[in-house]
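**Student:** One structure, as structure tokens, below. Some questions next.
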Amino acid sequence: MAWRFKASKYKNAAPIVPKAEACVREICVGSYQTYGNNIAASAAFMAFNWEHTGSSVAVLPLDDCGRKSKTMPLLHGHTDTVTDLKFSPFHDGLLATASQDCLVKIWHIPEKGLEQSLSDPEAVFSHKQRRVETVGFHPTADGLMYSTAAGCVALFDLSAQKEIFSNNEHPEVIQSASWREDGSILATSCKDKFVRIFDPRAAGSPIQLTAESHQSIKDSRVVWLGNQSRILTTGFDAARLRQVIIRDLRNFNVPEKTLELDCSTGILMPLFDPDTNMLFLAGKGDTTINYVEVTDKDPYLIEGLRHTGEQTKGACLVPKRALKVMEAEVNRVLQLTSNMVIPIMYQVPRKTYRDFHADLYPETTGYKTDLVASEWLNGSNQPVPKMSLDPVKREHGDEPIIPRLGPKPFSSTTGDVSFDKVFAVPLAPGSHENISSVGQDTGVDIIPPAQVAKPDLIVEIEIKKKHEREQPVAGNGVQKSLTTSERRKSSADDDESSDKIFEQNSESSENSTESEDRADAADLRRLSTARSSIADRRRLYESRSKSQVDEKAQSPVPLRREHSKVEMLKPALQQQQQQPGNVIDTKRISVPEGKLLEEHRRGNGSTAVAGLKKSATDTAFSAASTKRTSTVFGKVSKFRHLKGTPGHKSTHIENLRNLSRQIPGECNGFHANQERVAVPLSGPGGKIAIFELSRPGRLPDGVIPSLVNGGNIMDFQWDPFDAHRLAVACDDGIVKIWHIAAGGLTEPTNTPAGELTAHMDKIYFIRFHPLAADVLLTASYDMTIKLWDLNTMTERISLSGHTDHQIFDFAWSPCGRLGATVCKDGKIRVYNPRKSETPIREGNGPVGTRGARITWALDGQYIVCTGFDKVSERQISVYNAQKLSAPLKTTSLDVSPSILIPFYDEDSSTLFVTGKGDSTIYCYEITDEEPYICPLSHHRCTSLHQGLSFLTKNHCDVASVEFSKAYRLTNTTIEPLSFTVPRIKSELFQDDLFPPTRITWSATMSAEDWFSSNDKAAPKVSLKPEGMETLSSIQQVTVQPVKKTDHSHFGGQKSEYESNKQQEIQKSVSARMEFTTKLEQDDMEGVDENEWQE
């Protein structure tokens, strides 16, 4: 019995809490109903949930401290609460996050930490509309990840980016899972009050052992006690007392030790260190952290010193290789509170800390392994080599952190099934793969850009001819290749003809994320073939698919149009070869693309210059003079570099509280007009708060004045022609019409101005007519759509034709005659309500059943629909309104559960799409030709938004080149958002951006006129402010005809406007400066003229 009196080396390990200055302070953490620990740590970083919703994750260096800003960089990867997060044991920068949005995402943290917010993960795995509860990595196999959702256990191979195992034999939700240290088997605790031993590689059923566990359905946790044959679970008994149970696999049904603690409601999070057998029990909501030492004999659990401090929101252990071993630190617990991260150091008291105490630090599991997921699945078991914590024997000496941040284990491209195929991310224009494909498809020789010394991307296209001259060869018989400088020299000396054209793409950064795009541009110039992760390829594609801007001569030309240009050059060259006397030499001429565009704009491509022969470039432009610019050079968009700018903080409405999260998906959840905004509030009664935009600032604490509707809110919308009238649809089928007084709401009210009993069932949504006053449309669960006259509160038209599937959305055409719906049955229907109760056209819409939206574009000639595909990826489709059989173009975005809500600006043909819980507003231009959907600069917000509402065109500040204005709803604020286009001459009215706009803010006709088919077109009005000159009036100046000389081929004449402006500047400077025409030598005595002659 001598072992009973053997003292443990860790018995007196004492918790040491640092001062507040050494903690991470002023963070925002909520209370989350999850089965995770809410915080994780590697040897380099810590990660934890951020804000009350918990959908974002903060990542900080492990030794970070001090106050943190609410605008610090975050991982904005999920649209719902992050339930669990874990770091890889072999890669300190590899983080896995699981969320209630049914997704597991893999993130790669840069070596210096997050310098800017990330929203694009490296890989995404879906659990098919099941909330993901836990996630983690295998302890011995690199690149092997597990996750649980409901009763399913799934394993994923990150290198192949695919699911390799899935089992659904658990009858209830899996609350916790833990691997044995050797990685052979897995232990799970389930809501059905059973604990199981799970072997994914076993033949037949993977469940090997089952035993009754804690007799409460509340949360439970399981942890494997190192490499032993024992597990430890925490939970609640039938009397809701907190329990700790130890079980041995050799007698699994009988607990080896049961310890009952107290009746607190927070689950005990077990944190076990297999090297020292130290167990830390941190209860959620508790202010104490218990330290217990686990033994293999009775009493099994020996209590140590208890730490008492702040209330715990989460806790985790720091890896052993990050400890301060020279200070006898045997463990470190990161305690997450509501506003701090506290590193609690457990130190063993020793007389001196000068030497390394080897008795306290047995060899621990290392961070390097040779085992991969595929080998483990085939039955291979390989323990991870041990490593010593002695600074003398360690690789980096006494440095506490040994970061291992790469290479990315998921960058392999050898897998048969890749997520690149699932996400269908297109190749980036300018990437190595795309250049190779262009060369193969067009039959032209392309020199890889990596061989060119110039930093700009140079692509050489060689055009073959029938009678080629022999290339110059060196003395050794090897063909001599000209350098870039020699090519430029030859092009300057000889401009007769050319067989090779160099195209130069100058980089242009997006306005919204300049720093990120600069990094992407550098990566693009390197053209590394290892960029195979989905996030990198998506960013690369977005940064390279940029349209030209008219104002810049050297604008980027997408490489995907090389084929059309080569085909355009071939007939011109053939025609030139057929003419007698024309001999085309094999010259290499370097022509920058900006120069080509400049010559083409000046007309040099179609007019011969005296004394000079036509070059092949000029011939090409002459042959294509009848083609549209967009066909030859790609789509030219004036809004390519649009910029979103949030309003100043003084214009925000702050301190919003109790926002409702229960609004149906068919409702936008937020609506604004030029005077006020409507926001739904949580709680009973269906309350909607009305805030006056003329009174920004912080809202006072207390009761918010609201409209009490008495039932759950289904949808609401402002009258487009009356800023004081709001229509609200409730789940009882009644539409309530509210009239807001001029001063706004001063107290809660439940008396509407009118009520409309529209349906006997719930209402999906309501829509006002865009041109006619007092015309309201309602769609209900009874599959009918009704049109009402609000003057008489009577039903005028009822539409049918929908099956027993949900109606997602309805949109009026710009003319107000037609309407389009999208339904859960995957159909798009177009109605002419005044002529037919049934649809006049039908077509196939989005195949996903999670939701969809629809809108009209290009004067009602096209229909834009947003929805989901078969793998729940969000997409945008463009249809011809007359032919709905198939979409003209479909663009995929990402995998997210939130529905993309479209907002279309008809004057600029710009489509804004975003979803609830997103932080990015995606911008596209809709065109009537290929590619139909042109990406513009996306606007990335600093926080997640819950809604977005755009104002009418007459409220845009056109003097600041603002072409669209919106209000954005976040969790606590309402912020104005301005979309502008950068222009040099902003003092002029940009009439090319602001054509005459339709008046949509006042009614064109009455309800009786519309129902009687007395249609009237909406009048148009110019947005030009008084006193501003238009841009076109300045640019439309006539140039005096001059005789063209050889110099005019390279330089153009100055415009009259520029000459006049230069003369005015000279006059103004001369008027302010004293000057004389007398020279100093005039007063000097010179020599006679005859002396010069001598």
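Using N, Cα and C of the backbone, Cβ positions are placed for all residues, glycine too.
Taken from TrEMBL, the feature domain 'DUF1899' covers 4-66, 632-697. The repeat 'WD' annotation in TrEMBL covers 75-117, 167-199, 756-798. Residues or ranges marked as region 'Disordered' by TrEMBL: 467-526, 538-563, 1042-1068. Taken from TrEMBL, the feature compositional bias 'Basic and acidic residues' applies to 485-502, 515-526, 1043-1061. For 503-512, the entry in TrEMBL reads compositional bias 'Low complexity'.
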**Student:** Same chain only, please: residues at least 6 beyond the ends of the repeat 'WD' (75-117) with a C-beta under 8 Å from a C-beta of the stretch. Say none if there are none.
**Tutor:** 32-37, 39-45, 47-49, 53-61, 123-137, 139, 142, 145, 147, 149, 156, 158, 319, 365, 367-369, 384, 403-406, 408-410, 513, 515-516, 533, 895-898, 915-919, 940, 942, 944
**Student:** Looking only at the repeat 'WD' (167-199), report the model's average pLDDT.
**Tutor:** 91
**Student:** Would you list the DSSP helix, strand and coil counts for the residues of the domain 'DUF1899' (632-697)?
**Tutor:** 5 helix, 23 strand, 38 coil
**Student:** Reported in the order helix, strand, coil, what are the DSSP residue counts of the repeat 'WD' (167-199)?
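**Tutor:** Its residues fall into 0 helix, 17 strand, 16 coil.
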